[in-house]
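Taken from TrEMBL as is:
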COMPBIAS  59-70  compositional bias 'Polar residues'
COMPBIAS  71-84  compositional bias 'Low complexity'
DOMAIN    131-209  domain 'POLO box'
DOMAIN    231-313  domain 'POLO box'
REGION    51-90  region 'Disordered'
Amino acid sequence: MMASGSERDSGEAVRRCDLSALETSLSTIIVIGFSRLTRTDGSPVKVINRELGKKENLTNKAPVSSSTGKQQQQDGQQATGAQQPKTDEPTDCYLKDLYTQVTSVVLSKPDERENVNEEESEDPAAVPMIWVSKWVDYSDKYGLGYQLCDDSIGVLFNDFTKLLLLADGENIHYIERSNTEHYHQLKNYPAPLNKKVTLLRYFRNYMNEHLLKAAASMCPREGDELARIPSLRTYFRTRSAIILHLTNGTLQINFFEDHTKIILCPLMGAVTYIDEKRNFRTYRLASLEKYGCKTDLANRLRYARNMIQKLMVTKSSTMKTSGSSTASQSAQPTTA
């Protein structure tokens, strides 16, 4: 059966970690209190926040004169080399392709075969290159922080901007809502990014200290070292799972109740299934259609099809906002 939507198991021990001020330069002191459950598999844990003083909007900027603002904008563009990303990826990041692939498997009723043979469908060579290994949902105030399997860190902020820290721990990419990209170093970046870089550092430290990697034993598929690191395109939560869609087309679904996960890659036409015991297997979708699969995987593929459909019919920005709202109403912000 699918995860029922219970996001907390009984008997979980909760520990509160009071944190220091996010920035000493802020006129108000913001203190974030995180409560961590003693899980070791990267599954959801409750996060509680509190604030001393007034809230500060991440998009707030000090007023400047029109001439000063224009000059700063010109200087910023020259200093950062801001540019639009060059990519051949479709605007929907392969959602339609993935929906077609998964629908084909689901309609074949793979778990109703007389002789199911998953081994024939298994293909370790199709393992994904990138997946989300950790995440912290703090969207009630800031956004969602995450770590990819290559140890790069990202934050999708509530204002729909993104900040990425590459695996080298030095280079950062700032992506505006318009998708204009700016490239900096962690030790040298523009002052307007101070707050967001501070938050990124916090997310990184928290995940490194308190969360273990999902699928840590799974070796990613080798790829082009010069390939662009994907970022989180959008996400939303249901009572059963969190759905994460990356800009390279990878769709990941983490189920709360049993901590199983599926990672769908439209470019490889493959799905990786991580079960309750953290065992992982990668299958070609076309082969599952031909040889069938067990009910647990078939159920998750049916669920994935419904979630892909939601992403397709709803603009990513609206979905992200809706998902955050739903999460705050049905459950506390979580990490995994």
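Here the Cβ of each residue, glycine as well, is placed from N, Cα and C on the backbone.
Source: prediction; values computed, not measured.
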- Query: Which numbers of helix, strand and coil residues does DSSP report for the domain 'POLO box' (131-209)?
  - Reply: 19 helix, 33 strand, 27 coil
- Task: For the domain 'POLO box' (231-313), give the DSSP counts of helix residues, strand residues and coil residues.
- Result: 26 helix, 32 strand, 25 coil
- Mean per-residue pLDDT in the domain 'POLO box' (231-313) works out to 96
